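Participant: Pasting the feature list from TrEMBL:
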- A:62-127: domain 'Metalloprotease TldD/E N-terminal' (DOMAIN)
- A:160-281: domain 'Metalloprotease TldD/E central' (DOMAIN)
- A:291-538: domain 'Metalloprotease TldD/E C-terminal' (DOMAIN)
- A:510-529: region 'Disordered' (REGION)
- A:517-529: compositional bias 'Polar residues' (COMPBIAS)
Amino acid sequence: MKRRDFIQLAGLGTGAFMLPGLAMGRTVSPEALMEPGLDVSVKKRLADAALNAAKSQGATYADVRIGRYLNQFVVTREDKVQNIVNTESYGVGVRVIANGCWGFAAVADAKNEAQMAKAAADAVAIAKANSKLMKEPVQLAPQKGFGEVSWKAPIKINAFEVPIKEKVDLLLSVNAAAMQNGANFVNSIMFQVNEQKYFASTDGSYIDQDIHRIFPQFNVTAIDPKSGTFKTRNALSSPMGMGYDYLQTNPADKVTGITTRYNKGYDMLEDAISAAKQAKEKLTAKSVEAGKYDLILDPSHLWLTIHESVGHPLELDRVLGYEANYAGTSFATLDKWQSKNFQYGSKEVNLIADKQQVGSLGAVGWDDEGVNTKKWDLVKDGVLVNYQATRDQVHILGEKESQGCCYADSWSSVQFQRMPNVSLAAGKTPLSVDDMIKDVKKGIYIIGDGSFSIDQQRYNFQFGGQLFYEIKDGKIVGMLNDVAYQSNTQEFWNSCSKVCDERDYRLGGSFSDGKGQPSQSSAVSHGSSTARFDGVNVINTARKI
Amino acid sequence: MAIILSEAEAKALLQKVLAYSKADECEITLQGEQRGNIRYARNEVSTSGSLVNQNLAVKSSFGKKTGIATIDEFSDESFEKVVRRSEELAKLAPENPEFMSIIGPQKYLSSKGYFESTAAVNPDSRAAAVGKSLELSRAQNLTAAGFLENETGFSAMMNSKGLFAYYPSTSVNFSLTVRTPDGTGSGYVARGYSDFSKLDTAAATRIAIAKSKGSVGAKALEPGKYTVILEPTAAAVLLENIFFRMDARSADEGRSFLSKQGGTTKLGEKIVDERVNIYSDPLNPDLPASPYSGDGMPQKRMNWIEKGVVKNMYYNRYWAQKKGVEPVPFPNNMIMEGGTASLEDMIKSTKQGILVTKLWYIRTVDPQTLLLTGLTRDGTFYIENGKIKHPVKNFRFNESPVIMLNNLETLGKPERVVSTESERNYMIPPMKIREFTFSSLSDAV
């Protein structure tokens, strides 16, 4: 999330949910979310006004994004609806190159040619002012224009068409189920996003796209007032590039085992019941003994480790130093890639970038600078083979065309390099989770994502989780508390000894990955099957204050 | 119409909108902002931009039912429409059992947070300020990446019980990372001001340059417990985790670091060293803040931790009523008192220790104890016999700010800092802490 756009809801305790502030746009009635945006012909006329103005002011390249961003949040706690928020944000961002330098200007509620021309002129003025500081002009990879085209996310049920009452009823029933099963508190939220984006550029593209995302989540708290301790368990849901169909439960989408996990259909009620019981169980679970363990990581957990230790370090803008002042740089420097033998991970490790994966958060037809999306290898058989790039950087990789990794989180934000979906390929040899656990002598099975932190070059990381189970001599023997593991990216991925097959493959994801200044948020999925990592350092996080 | 309205203009506009209301009660908030930024990396400008935004929100209530509607298009027709829409939404909304009626007229302190110098910033003055910084790093063959953003805005509110509030403000934030070309040294600086004329990008750049060059050749120290001196930029990102979690409801509910055995809270108890004093004050001249909270409650000077004792927690109006206490709004700034020692004095009085200039990627590991993890970044140094001996490799830490403030040795002179996590500005002193827990080494520079 863009930090300043969100205010923390006071009083939710840990795992507090966020609510939108001013910059999310206007709040509107639910019906307004169903109103169509501007007609494509109007958008084309407005876009042309900006493109023409930019060119006449001296821009050598210009693109325009006309964006309508819809959000709906339904926020509840226990038996109360706390908030129902519908927001709509509409505006235009114009990006130009003038005197070899980028310039950008955004204007809210732009609905006439004069506003478009003014934004274009402002962007050119910024580019010209800043060009005095430039030594190397921007080098933009050529991109053919696609003419007038469109892309729509293949959703089955538009979440914005589902009555709010149905969502409120679901959340309140989820809360009631959690309370009945031993929770002291429960907060739940349904978060839905629809991005209606129109892109046009001086390359001759006019691209209309309709993108949907959904994220149902909850946080259950169990308290032992006597000892003054509390434990939480978050939902095992994932944010998805889906419609309300994600909440249509289907036995085929359930992965049973020590606790049930979910694929493309999430049973929120069932998960809340498990969560309440498990939060209570955590109150008395054994505190982990620090040391080396073999880790079995469920996809509901591993996605975040992939995100932080593979997704981010392979962003080319970070590698080059464009994020040095904020998100950081990367250990995965160009010389390692050029050597063609940098062993990022073990031979089991194949990491794939994919902007087309159905149901994922990152799937689109074209990126935010008019490049058609693709799928490519980042790490093949353990070796680093590629990065993620945009048009102004891809020449550094010797590529002729961008990989299509450009994104802006709003019409008001300038587009820049953002992570595509990055996933660990499923193992090629048939292997179930049960079979994987059978071989483990001293291990911990981790489900769900928890605390996460990694250094600015993506070497040293520490991850927590939601559920930790101790494995002894091939069997799960009980729940553990106070677990976090620390490792180094290269060491960790080289310790990957097994990956379950595609039957276990599921998507996890980040709904609000932060990067850039001003900070922007993006949503991205990470798929994997359960994987095993040998001899990882586990610390005990219990303290007394 | 201008985006940044004067008090009289804002009042007239709000009165006009309020006149359309037919609800039991109605409250309107109005905001406008103009922002501009310049971002650079590899000694070149990368992305830059400007943004203009305005917004008017109407909250209408019938009984315990409330609806909110907003517009960013300002015309007489849209004003009536937005009021009607909020009333329709209110009628459709479920009753809120925690509904609180709006408050009447309030007296607010007068806080000066608006500076013409900042409001006048344009693309050329931004480029000039950054130019002064780039010149210095280029001259020394160092690589700079930085960000400068200025913002001018105002907020105003009015309600059907006669409340009116108005606050204009400006801000500028500048941050810079300077790295050596071989990537073995890195230094950082951040500055936040309300008044652009106070920003000296060249002086700030010299600090980042010195840290960058000084951090080359870092040696590895064994992880473990060390005496540390935290520069204010490093301390802020730990302390704000205390600030954010002083909510009374969470504490009362038993799910906060301020909850206690037996279902009570730590209000009135000493939780940290007695030299720790933390308060908020909208009138602080170095960190002016809005004199009212989002629901119109007046902000005044408020002690949160006094002599190490928890003096106040935030009570929203509902929870305050339920608990029979006065509501206490979440503050708009936070100030930690310090001593008179300079950073140099603190280094001089250290036999063995580590100077931490910045911390990065702070996350809560355990909300019960406020155990945090994160890493040092952009300049970490070993101190021996009162002198900086050599740079050290970065560490990961696992530490609670509560434990840390119990292990306090010395506090220095507070200064205004920008949190590298939340982007909020605070007044924080440098501090010397014993037995700070570093748990592993990082190869990152």
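Glycine is treated like the rest: Cβ placed from N, Cα and C.
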Participant: Which whole number is the mean pLDDT over the domain 'Metalloprotease TldD/E central' (A:160-281)?
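Facilitator: The predicted confidence over the domain 'Metalloprotease TldD/E central' (A:160-281), as a mean pLDDT, is 96.
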Participant: Six or more residues out from either end of the compositional bias 'Polar residues' (A:517-529), which same-chain residues have a Cβ under 8 Å from its Cβ atoms?
Facilitator: 1-3, 193, 213, 238-241, 299, 302-304, 306-307, 311, 325-326, 357, 359-362, 407-410, 413, 416, 418-424, 426-427, 499-511
Participant: Could you tell me how many residues in the domain 'Metalloprotease TldD/E central' (A:160-281) are helical, how many are strand and how many are coil under DSSP?
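Facilitator: Counts, helix then strand then coil: 40 helix, 48 strand, 34 coil.
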Participant: Using DSSP, what's the helix, strand and coil tally for the domain 'Metalloprotease TldD/E N-terminal' (A:62-127)?
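Facilitator: Taking the domain 'Metalloprotease TldD/E N-terminal' (A:62-127) as a whole: 15 helix, 43 strand, 8 coil.
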